[in-house]
Structures are given as structure tokens and as C-alpha cells.
Amino acid sequence: MKPMSYWDYIKVEELLALQGGANGDETQVGNDEALFIVVHQVYELWFKLILRELTFARDLLRQDTVPGHQIALGVRSLRRAIAVFEQANQHFRVMETMTARDFLDFRERLMPASGFQSAQLREIEILLGLEDNERIAVCQGGSFKDALKLPNGALSSAAYRVEAREAHGQSLKHCLYAWLSRIPIDGSNEPAAVKRFLRDYIGSVRAESQRRLQTAIDRQLAPAEVERLRARYQADDVGAETFLLAEEDPQADAMTREKRRAVRAAMLFVESYRELPQLAWPRELLESILELEQSMLIWRQRHARMVERIIGRRVGTGGSSGVDYLDQTALRYRVFTDLWTVRSLLLRKSSVPPIRQGASYAFAEEALV
């Protein structure tokens, strides 16, 4: 085996030969088009890293038993994916060194190509757990998969990648929720124990609302303002109970509601009693999941603002509504909605209900779930 050089190991020669544009001739590519190509190639490499880290975290949570030290490894992978998204955000600044006129000089050569055809970005969405019925149509009435097809309707290599990802296995969300449903709530996984904890917590939520209302009264707020707060707190209390007891969907069967209660109770339990040793890493995992989704939402928003700054609100090269579509994805593409909702229900430490089996969450060698 010959000695390895940096140039050969990184395959720089091959990388530097990939900026030839539509005709494969780099001599015909101007500096602005070269910038466009390189930045998007770098994005695809970042997406590859994110997919690797998310797959690792998903596979870890897919195990029947997840040892505590492995949760730390999952957190590390999620934090790396977060760091990659944050770094990718900086690349939009490089793109913004290109003016609208610069881009328009070569934009028509891209048609009907579109960033929407990034199979790896679609893979990230699928791996996270974005459902088909939650997607925004890229064109009038069209499936996101239609945009990945070749002009003649045949499947492209990008379409095959997405199909393979869908067939490969469960999403990170599915595995996370399955893992959460196994976390003992106050020492027990029994549905009755879960419901008892939730009832106790709902009682604490209502007591906290009453305390806040009394504070408003004591500070001599105007009667109309007090009544407005009273109505708001009552609505919040009803919403909290409906969510925690999984009663928001009257069509859901008893088993579905039971599973939702277990997951939501676990989210609330881990966040509320995070000082307990065995809940420390689970809490870091949930925090990392939220930060991951936040970093992707920020990336989507930054992407939309970069596009708007350069070309305004033109129709996209692939026929989409352009910036309007990008803005909608930034607003509506939320995967871990229950985690975000739980943040609205957290109480200060002195207000959370006491638990009976706190000692069972002390340091131990065995896995929590």
C-alpha cells in the first residue's frame, strides 16, 4: 500500500473537477455561477453529515433498551447536526455577495432545476419525521415526489434516494416517542400511574394560574384587565388538560390516547424533575431535539431571506412560488410539536407536584428504559 497524501485522501482533484456547470466545461462558467455551484455543493456535503448523525441517533433510540451512557452519544450526534446547521447558515452570507443581476445572467440555464430537488434535504425531513400530509405542495396540487422526477416522468437518482429513505425504517420522531413511552413516570409505566401524575400536574397548573390571577388582583389591576386575565388563564388551563390527557382528537381510539398520554407525561416528567440523576441525559436529549428543530427552522428562514434579497418574489426555477413557498416551510414544518407544546406547560420548581418514587431515579448501572 503506497503512502497516503492529504490530496489523495480527500480526493481534492476529483472535487475540483465538479464545477463545470450544465455543460461540464468550467471555462464557460463565470465567477458568480462558480460561487453558486460551490456553495450548493458544500450544502449537500453538510446534509450528508447531518443524515449520518441523525441516523445514528435514530438507531440508538430504536433499541429495545437504551443504556444511559448511550443517550450521551445520541446527544453528541444531535449537537453535531445542530452545529452543522449553524455553520450552513453562514454560507448564505457568501451567496449574498452575488447581486440579482449577477444571478439573472445564468439563472435561466438552471431551469427546470430547483433547490427543491435536493434529495438529501427531503431525506432529512423524512428521517426527522415530517409526514406527507404535513407537506406544502411545491406546485399546484403536486406531490413533493413529482418534483424529483425527470422531465419525462421517470424516477431520477434523487427520487430513488428518497424512496430508499422512506423504505429504510422509522423516523427519529417515531423512535424518540417510543423511547419516551417506556420511561417510568414516578416509578411506574402503568397507565393508571401515568394518568395520576398528569392529574396531579394539571392540578398544579390550575393552582399556578390562580396564584397569578391573585397577584394581578393584589396589584390592583383594573377589573376589566383582571377579567381578561381570568378568561385567558381558564382557557390555558382547559388547553393544558386537553393536551395532557390526549383529548384533542375525539376520533382517536383509547389505545392511541393512552400512547399519547405516556409520551407527553414523559416529556413533562423529564423536564420537571431534571435534577434527578437518571433524568439528566434524557433531559439533554429532549433539549437537543428542540435545538435541532430550531436550527433547521432558522436555516429555512435564512434561506428564504437570502433568496428574497437576491431575486425578490419571482417564480422559482422549478415552478414553485419561490420565497412564498420557502416562508411557508419555515412557519409550518414542525415535527416535534408535542415537545414545543410542553414548554408552555412547565412550572417553576416550587410549583411542580411532589413525586413518590424520586429515589428510583438515583444513580444506577442499569438502563432507565
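The backbone N, Cα and C atoms fix where each Cβ goes, and this holds for glycine too.
Swiss-Prot annotations:
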type: BINDING; residues: F36, I37, V38, V39, H40, R107, T317; note: substrate binding site
type: BINDING; residues: H303; note: heme binding site
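Mapped onto this structure are the features recorded in Swiss-Prot.
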| residue | record | DSSP class |
| --- | --- | --- |
| F36 | substrate binding site | helix |
| R107 | substrate binding site | helix |
| H303 | heme binding site | helix |
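For the binding-site residues given as H40, R107, H303, the lowest number of other CB atoms within 10 Å of the residue's CB is seen at H40. The CA atom of H303 (heme binding site) is located 12 Å away from the CA atom of H40 (substrate binding site). Over all protein chains present, the Cβ of I37 (substrate binding site) has 18 other Cβ atoms lying within 10 Å. In sequence order, Q19 make up the list of same-chain residues 6 or more apart from V38 (substrate binding site) whose Cβ falls under 8 Å from its Cβ.
Look at the Cβ of each of the binding-site residues F36, V39 and count the other Cβ atoms within 10 Å; the largest number goes with F36.
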